[in-house]
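Here is what Swiss-Prot records for this protein:
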{"type": "BINDING", "residues": "354-361, 400-404, 454-457", "note": "GTP binding site"}
{"type": "COMPBIAS", "residues": "207-219", "note": "compositional bias 'Basic residues'"}
{"type": "DOMAIN", "residues": "345-512", "note": "domain 'tr-type G'"}
{"type": "REGION", "residues": "198-219", "note": "region 'Disordered'"}
{"type": "REGION", "residues": "354-361", "note": "region 'G1'"}
{"type": "REGION", "residues": "379-383", "note": "region 'G2'"}
{"type": "REGION", "residues": "400-403", "note": "region 'G3'"}
{"type": "REGION", "residues": "454-457", "note": "region 'G4'"}
Amino acid sequence: MAEITVGQLAQQTNKEVDALLKQLKSFGIEKSSEKDTLTPTEMKTLLEKINSAKNTATRKKVTSVKLDGKHKINVSVKRKRRVAKKVEQQESTTLEQPQELETMVQEVSQQVDIVKEQDNIEQIVENKEAVKVQEQRQAEIAKPVIKDSGFKITAMPEIKIEEIVAEDDEGLAASDKQAKKKAAKKVFSEAVNTNTKYKREEEEKKSKAKKAGGKGFKKANPRQLSQLAGDLESFDEFGAKKGKLKAPKVKKQEFTKPVENTVRTVEIHEGITVSELAQKMAVKGAEIVKVLFNMGVMATINQSLDQDTAILIVEEMGHKYTLHNENALEEAVTIVDRSSYKKISRAPVVTIMGHVDHGKTSLLDYIRQTRVVAGEAGGITQHIGAYSVKTDKGSITFLDTPGHEAFTSMRARGAKSTDIVILVVAADDGVMPQTEEAIQHAKAARVPIVVAVNKIDKPEADPDKVISELAQRNVIPESWGGDVMFVNVSAKTGEGVADLLEAVLLQSEVLELEAFAEGLAEGVVIESRLEKGRGPVATVLVQNGNLKQGDNILCGTEYGRVRAMHNDLGKKIKAAGPATPVEILGLSGVPAAGDEMVVIENEKKAKELAAQRSQKQKEAKIAQEQSLKLSNMFNNMGKEGEQQVLKIILKGDVQGSVEAIRESLLKLSTDEVKVDIIASGIGAITSSDVTLAVASTAVVIGFNVRADSAAKKLAETDGVEFRYYNIIYDLIDDVKKAMSGLLSPEMKEQIIGIAEVREVYRSSKFGSIAGCMVIEGVVKRTNPIRVLRNNVVIYEGTLESLKRFKDDASEVKKGLECGIGVKNYNDVREGDQIEVFEVIEVAKEL
């Protein structure tokens, strides 16, 4: 057996060096440090000691005893600590002290050393006659043990003296080992001739030695060392046994790294699936399904979860969570920190609105001293024009719109681009339908109005008529005690234009308009188009910051780099400040009017945000198509205080019909639901009505009018539904239904029949059967009933049977006799009344 150090033995047996040194000392092997080596003889002694003590720890022993030469009896003896003492007292042949065992083991080892050099050791083996004598003695002693014992012997104390199963050293011969075994057997048999128990055990040693044959020692291997480790583990540091030894198991020497529970931070977005959540927590989907099941939720791995449920799961499994902010990218990119910049006063942005041919563009043309009208088809504005005008008292930015449609479109997209509205009204024409619509849009956006009464140079001009008509539309002039400035102008002669500009600048001073002139630019798209050879072209109004050529910009769902900029005069510029309209090139597509324009430092982020906005826009469009239908309108009614509001846009063929319908609908308003007609007018439903409906979440109603082609196309795009009527009462009834849809229906009981009990019969199948006469209404088999006695309800339930003569009947009418069986009730008496009723829903009415 190769030499091994104490440290190596401690490492292979997974024991501390100090504990191993104490055990070696208790076995008579003196070692002082882990570097000391163990010789083959010491290793052999160590194995003998361990195996010897190991055998004495056996708690159960089964002994086979021959009774008459043919039959055998198995004696099973179990020994516990408290029982062992009694057995030792009762049996005089039992070994008295464990120290005797140690003495015998020492004698055996001495004899092994003595006979090591002898050559004729094999002649010492006992003959067969001695073996027979021993068997007879065993049988004689075993009989009285079985006969006289006052308790059942389930285990016999056993102390194994020798069982050398050590591994050998390469230098020892097999014959020497066999000689040692046989010499030990002889010495021990002579020492215990007076003890029957040890004779039996010595017999077992002989049989085992014969089976072992001439096997020699082999080199120790890791399995045997691990077995040695298991043996050493059964002793404490003083060499005493710890407890019952089990069969030695092969111990693999390996190192298991301690692993702490990993706490993960899980990002939860709305609609996360079970499989996605499992992947983020690095667990199997079945574990999350199990947690959901314990929470009372049946789910599959592909099922979507709301954020609250996902949070509960993450916390239940010991992880942390963060909620995914869908607008995180947009907030990080679009929100600009301007805390270090100072605000400066800026020019007002003025939108000119009014009816067709009332002189909007002519007035602006005179102000700019250019001939823009000549370039427009038919003298009517086709596109939005944005112009910056310098005056002696400051600059003004004008937006010339085609009517008011673009203004509405911008408001529908949440863009607040206009500061002041100039309402142009022809003095010879007065207030027209588009004039009223312009007033409605300006008030909806809460923008101050300055009225320009145009064409006062004409002989038929009547400014007072214009003032009177506008006052009827709640546009009260300052001369009448209102807050609206009226200025008489002539776009042809230029009369009053200076006063108009002064009124606009005065209004802007009241508003105290300010903006940041530094930092990344922000603005709004006024108009956009696709030009041949230039690509997408967008007219942008800068609202904050400084827009420079080469900036990366994001406009709604479109992005790009500013490749060129032109001002309102068509000249190339390199930068533009607040309240400056510019024309830019370089976008990926044509943005929509009213889209916000922001400058982003990273072009990659701009592209990513544009794709995200496009996806959100598609989802919002699908949801909007359903929300704008009249049938679901009560689900989307806005609240003003505690009232719910139904918004309506009303268009009719004549003014009288529109006024009549308007008054009728306003009278429908109650404390719970209010009708708000946000716009009304004469003529066909136009695209401006559609954009206003989208912006205000209103329903469009047409009385004897239809929508034009442009409005139909826009309505199809935005998912707006038109409702056409030619009878006023049908229109009012439908609006009533839309308003009543929010009110929950009432449940009402209605008595449909009464039957009087004339006689009571007994039935083996139904119990008490009441012979009745229907005295009122009709008795139906399926309806609930009440039993009345002296006009007091004593039972409420259902009918079990209803018969007319011997036939089953579904109903029995007034004046006919019938047999009635009441379910689960047998105390029916003569003179009782059976009342049949039904529960109906009654819708609340306004």
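Including glycine, each Cβ sits where the backbone N, Cα and C put it.
Gly354 (GTP binding site) falls within a strand when secondary structure is assigned with DSSP.
Model confidence over the domain 'tr-type G' (345-512) is summarised by a mean pLDDT of 79. Ile456 (GTP binding site) carries neither a helix nor a strand DSSP state and counts as coil. Every protein chain considered, the tally of other Cβ atoms within 10 Å of the Cβ of Ile456 (GTP binding site) stands at 22. The Cβ of Gly354 (GTP binding site) lies under 8 Å from the Cβ of Lys360, Leu423, Val424, Val425, Gln434, Thr435, Ala438, each on the same chain and at least six residues away in sequence.
Its Cβ taken as reference, Lys360 (GTP binding site) is surrounded by 27 other Cβ atoms within 10 Å in the chains shown.
Counted within 10 Å of its Cβ, the other Cβ atoms near Asp357 (GTP binding site) come to 14, all protein chains included.
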